[in-house]
Amino acid sequence: MNQSYGRLVSRAAIAATAMASALLLIKIFAWWYTGSVSILAALVDSLVDIAASLTNLLVVRYSLQPADEEHTFGHGKAESLAALAQSMFISGSALFLFLTGIQHLVRPEPLQAAGVGVVVTLIALFSTLALVTFQRWVVRKTQSQAVRADMLHYQSDVMMNGAILVALGLSWYGWHRADALFALGIGIYILYSALRMGYEAVQSLLDRALPDEERQDIITIVTAWPGIRGAHDLRTRQSGPTRFIQIHLEMEDNLPLVQAHVIADQVEQAILRRFPGSDVIIHQDPSSVVPAAQQGFFER
């Protein structure tokens, strides 16, 4: 799983870096030629895109390193750190947009050769749409937090490019403050995306439990197994591509140890079939030693 995961996530990061680099060169020319503050906003965002995607590429490769003596649970949390770093980069670019937009709102300037800006923005819009489509497919296959953060960033780019087209069109017809107003609006949206991304990264670093539907799937698997009277203390978290699942199973007091082990092993394999690559720890408890207040999800 890790090989397939690493290959897909690396390809997504390489594709994002290559596209952002190409668009950066085009946007530098377009900004120099038109003087559009919205295109300048997109140019700055492309710089952030390159830095973020390169960070993703390096971090993903590091996160896939096997566990060692100092990192016995692996290096998957590096992905969450990358997402947190991205949120900081993006927040910085949003603040830059605010300052630039306010400056041009106070002192509006007519655009030069707005048609060039429209062509460049259309190229950026369709290129970014293609990248986001590919990233969404990678996220669906891998659930990578780093790629999901990158995808959210590029989704904001799609919104940005659409807003730039409208701003350029309005400025073309004499509404020169529209360029600055849209830059401010874009900055607000980017800042919102950055805060949401940072929140998700922090939750992962704090070992937030798996989603409710995944925990319910685990409970469903356990409840379907004969020989298990109950279950409690389900604890879950995720680090990179790896889910960590711990659960206590309640069994008959007089069940032979070997048979209890076989049942627990079968349950573990069933969980792994549902969540491949997970780290599963199962503890077996005689049902009589479990206090009533701790008895868990069901009782047969």
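Any Cβ shown, glycine's included, is placed from N, Cα and C.
Values in this document were obtained by computation on a predicted structure and should not be read as measured data.
As recorded in Swiss-Prot, the features of this protein are as follows:
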{"type": "BINDING", "residues": "D45, D49, H153, D157", "note": "Zn(2+) binding site"}
{"type": "TRANSMEM", "residues": "24-44", "note": "transmembrane segment"}
{"type": "TRANSMEM", "residues": "82-102", "note": "transmembrane segment"}
{"type": "TRANSMEM", "residues": "114-134", "note": "transmembrane segment"}
{"type": "TRANSMEM", "residues": "156-176", "note": "transmembrane segment"}
{"type": "TRANSMEM", "residues": "178-198", "note": "transmembrane segment"}
DSSP three-state assignment for H153 (Zn(2+) binding site): helix
Cβ-based neighbourhood (8 Å from the centroid) of the Zn(2+) site, residues D45, D49, H153, D157 excluded: A20, S46, V48, A52, I90, T128, Y154, S156, M160
Long-range Cβ neighbours of the transmembrane segment (114-134) (under 8 Å; 6 or more residues past either end): 12, 15-16, 19, 22-23, 26-27, 29-30, 33-34, 36, 38-39, 42, 151, 154-155, 157-158, 161-162, 164-165, 168-169, 171-172
Other parts of the chain folded back onto the transmembrane segment (178-198), taken as Cβ under 8 Å at six or more residues beyond its ends: 36-38, 41, 45, 83-84, 86-88, 90-91, 93-95, 97-98, 100-105, 108, 111, 149, 152-153, 155-156, 159-160, 163-164, 166-168, 170-171
Neighbour count (Cβ, 10 Å) for H153 (Zn(2+) binding site): 28
